[in-house]
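**Student:** Sending over a structure as structure tokens; questions will come in a sec.
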Amino acid sequence: MNPEQFKTALAEKGIELSATQMKQFHDYFEMLVEWNEKMNLTAITDEKEVYLKHFYDSISATFYVDFTSFDSICDVGAGAGFPSIPIKICFPHLKVSIVDSLKKRMTFLDALAEKLGLTDVHFYHDRAETFGQNKAHREKYDLVTARAVARMSVLAELCIPLVKKGGSFLVMKAAQAEQELQIAEKAIKLFGGKVVDHFSFLLPVEESERNIYVINKTKETPNKYPRKPGTPNKLPIE
């Protein structure tokens, strides 16, 4: 998917990118490749692959969930900024917070935000477990996203505490995670969440499967969650 095909594909979904936004994506790609030589940000560096598997894939969440209705989003473990930075470029009104435990990624994201001229973006170098216990962030976000390989039960403990009551947690998975979801149901309920939607689709060109799960926050998360750093991964609630 080259930049023009990317622009056309988004237009077909109702997202019309301006010349400025296209330039932001171009600069994002160039910075990603340049910085990737110094630090391991991504295994994907071919232009067509980046536009498809990073940019388009990140934005695909907005085809199924109305992002114009959100004000604040938090991206947990965003790495090189996916999915939240491509979404922010398309929906500039969003206030975006990214939390990641690797300092070098924060350095990249700071430089990226400056280069792209992004406002209302904040980067936090922290463990998700600690961040979720921070009163300045706990239950403060309209939407929390995770595009991660961690199991659903682990992601639920790291992310649901950050969602405000009435807000949503959006999980982006490659393969369908029905079995994973069944195992995680106990944890999701315990943390105050309820699964309300599941969207399954094929990424264009390569036709690989993608899945989006929407979990609404119906009640507050008990104070003891998330547990200490490392515990959710070692001893997931299942």
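Cβ coordinates come from backbone N, Cα and C, glycine included.
Copying in the features that Swiss-Prot gives for the protein in this structure:
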- Gly77, Phe82, Ala128, Glu129, Arg147: S-adenosyl-L-methionine binding site (BINDING)
**Student:** Would you say which of the binding-site residues Gly77, Phe82, Ala128, Glu129 has the most Cβ atoms within 10 Å of its own Cβ?
**Tutor:** Ala128
**Student:** What is the biggest Cα to Cα gap, in Å, among Gly77, Phe82, Ala128, Glu129, Arg147, the residues listed as binding S-adenosyl-L-methionine?
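**Tutor:** About 20 Å separates the two most distant Cα atoms.
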**Student:** If one looks at the chain holding Arg147 (S-adenosyl-L-methionine binding site), which residues at least 6 apart in sequence have a CB under 8 angstroms from its CB?
**Tutor:** Ser58, Ala78, Phe82, Pro83, Met172
